[in-house]
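Engineer: Taken from Swiss-Prot, the feature Mg(2+) binding site applies to ASN7, GLU384, supported by sequence analysis. If you look up Swiss-Prot, you'll see LYS14, HIS208, LEU209, GLY210, ASN211, GLY212, ASP283, PHE284, ARG285, GLY331, ILE332, GLY333, GLU334, ASN335 marked as ATP binding site, on the strength of sequence analysis. What Swiss-Prot records for ARG91 is substrate binding site. As annotated by Swiss-Prot, active site, proton donor/acceptor applies to ASP148. The site 'Transition state stabilizer' feature in Swiss-Prot is assigned to HIS180, ARG241.
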Amino acid sequence: MKILVINCGSSSLKYQLIDMTNEDVLVKGLVERIGIEGSRIKHEKKGMDAVLIEEKMNDHKRAIQLVLEALIDKNHGVVKSMDEITAVGHRVVHGGEEFNKSVLLDDRVMAGIKECIDLAPLHNPANIMGIEACKALMPKTPMVAVFDTAFHQTMPAENYIYALPYEYYEKYKIRRYGFHGTSHRFVSEKASETLKNNSADFKVITCHLGNGSSLAAIKGGKCVDTSMGLTPLEGLVMGTRSGDLDPAILPFIMNKEKLSADEMSNVLNKKSGVFGISGVSSDFRDIETAAKEGNKRAQLALDVFCNRVRKYIASYAAQLGGVDALVFTAGIGENSIELREKICHGLEFLGVELDSEKNKVRGKLTDASKASSKVKVLIIPTNEELMIAKDTMALVK
């Protein structure tokens, strides 16, 4: 069974074709600059160098058409015809309260995804364009929607309701939704499998740390709490996002700087985080380099980032009533030896003991805890595409 996984952005598209017999990625690719001058596809067949396909792509339909043509191309293709593709799994960022699991796409589901546009105005329209383009080009192929928010729908009300007038929740569905759900679910399941513990009491804190970062508190495979909120702006300090702050700061800055709501939102989403503090970059690698070279603001940015992660870990340990495993994943979580060490330092009171030698790995599934550590510290590479493919396969079987 071959599953095509599609992740559509506003001007980009990532894809993978996975043979589910042995979970083998046959091909992966990235389409860039859709609807912009200089559009191109970087198409990478397993065991071969990447091929660059440079063609004009005015919209997502044309982009997907070229991707499908590349998949059956006699030189760099991997299937003889579209009939070999059993189903398509689409990443959808926001499923609101309606979708608490992955679903087969039909008219009712499409209407539900469109209703969530208000909650994810940057992402859901792009996801919808990808789905509609695929449906037009592959009308007989089953399609599945896998939602970033679905995994977090098991949170109890006390963890998702904001202390605002309740009517805003009733009228506008303003509440915590959380994101990166597919990644949190993948690594928590992998942790359970690695430690051979699938009990209803297995307590995991998953740290998805990248340019966008979030934590989740998970008990018995179900999400209890997560750090992102109504939008991906809440929670941890990120590449360019502020994370948690005093809400009264917003009107204060808006008055001082004469900013509109949109301009203020742009400051919080695009100019803040470690980029705002350091003034160096939004890329943690650049900031780590600058800090090593003696840049004090770069060092401060890293200190603030790690301190916030530690605070959340301790808070989630309290919510779960203890913790069995602490998982690091995504770009920083999988690859930054120094930041993992910095985050774990000071968590010894929780039973977290990181082994400095075992921690010297990048992007490899590793138990990096000391033998004496009560809490297992795991580094687990995330694989959202595989999770999407697994959900898709389960629904079309």
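Placed from the backbone N, Cα and C atoms, the Cβ positions cover glycine too.
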Engineer: Counting Cβ atoms within 10 Å of each candidate's own Cβ, which of the recorded positions LYS14, ARG91, ARG241, ARG285 comes out highest?
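Structural biologist: When each Cβ's neighbours within 10 Å are tallied, ARG241 tops the list.
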Engineer: What are the sequence-distant neighbours of HIS180 (site 'Transition state stabilizer'), meaning same chain, six or more residues apart, C-beta distance under 8 angstroms?
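Structural biologist: Sequence-distant Cβ neighbours: ASP148, HIS208, GLY212, SER214, ALA216, MET228, ALA330.
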Engineer: Here are the binding-site residues: ASN7, ASN211. Which has the lowest count of other Cβ atoms within 10 Å?
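Structural biologist: Among the binding-site residues ASN7, ASN211, the lowest count of other Cβ atoms within 10 Å belongs to ASN211.
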Engineer: Where among the recorded positions ASP148, ASP283, GLU334, GLU384 do you find the Cβ with the fewest other Cβ atoms within 10 Å?
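Structural biologist: ASP283, out of the recorded positions ASP148, ASP283, GLU334, GLU384, has the fewest neighbouring Cβ atoms within 10 Å.
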Engineer: Please classify the secondary structure at ARG285 (ATP binding site) using three-state DSSP.
Structural biologist: helix
Engineer: Please identify, among the recorded positions LYS14, ARG241, ASP283, ILE332, the one with the smallest Cα-Cα distance to ASN7 (Mg(2+) binding site).
Structural biologist: LYS14
Engineer: Rounded to the nearest Å, what's the C-alpha distance separating LEU209 (ATP binding site) and the residue listed as 'substrate binding site'? Just drop the number here, would you?
Structural biologist: 19
Engineer: Out of LEU209, ILE332, which of the binding-site residues has the smallest number of neighbouring Cβ atoms within 10 Å?
Structural biologist: ILE332
Engineer: Checking the binding-site residues LYS14, ARG91, ILE332, GLU334, which are within 10 Å of ARG241 (site 'Transition state stabilizer') at the Cα level?
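Structural biologist: Among LYS14, ARG91, ILE332, GLU334, not one has a Cα sitting within 10 Å of that of ARG241 (site 'Transition state stabilizer').
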Engineer: Among the binding-site residues LYS14, ARG91, ASP283, ILE332, GLU334, report those whose Cα falls within 10 Å of that of GLU384 (Mg(2+) binding site); none is a fine answer.
Structural biologist: ARG91
Engineer: Check ASN7 (Mg(2+) binding site) against DSSP and tell me helix, strand or coil, would you?
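Structural biologist: Going by the DSSP assignment, ASN7 (Mg(2+) binding site) falls within a strand, counted as strand.
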Engineer: If H, G and I count as helix, E and B as strand, and all else as coil, what does DSSP give for HIS180 (site 'Transition state stabilizer')?
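Structural biologist: The residue in question, HIS180 (site 'Transition state stabilizer'), is coil (DSSP, three-state).
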Engineer: Could you check which of the binding-site residues (ASN211, ASP283, ARG285, ILE332) sits closest to ARG91 (substrate binding site), going Cα to Cα?
Structural biologist: ASN211
Engineer: Restricting to the record's ATP-binding residues (LYS14, HIS208, LEU209, GLY210, ASN211, GLY212, ASP283, PHE284, ARG285, GLY331, ILE332, GLY333, GLU334, ASN335), give me the longest CA-CA distance in Å as a whole number.
Structural biologist: 24
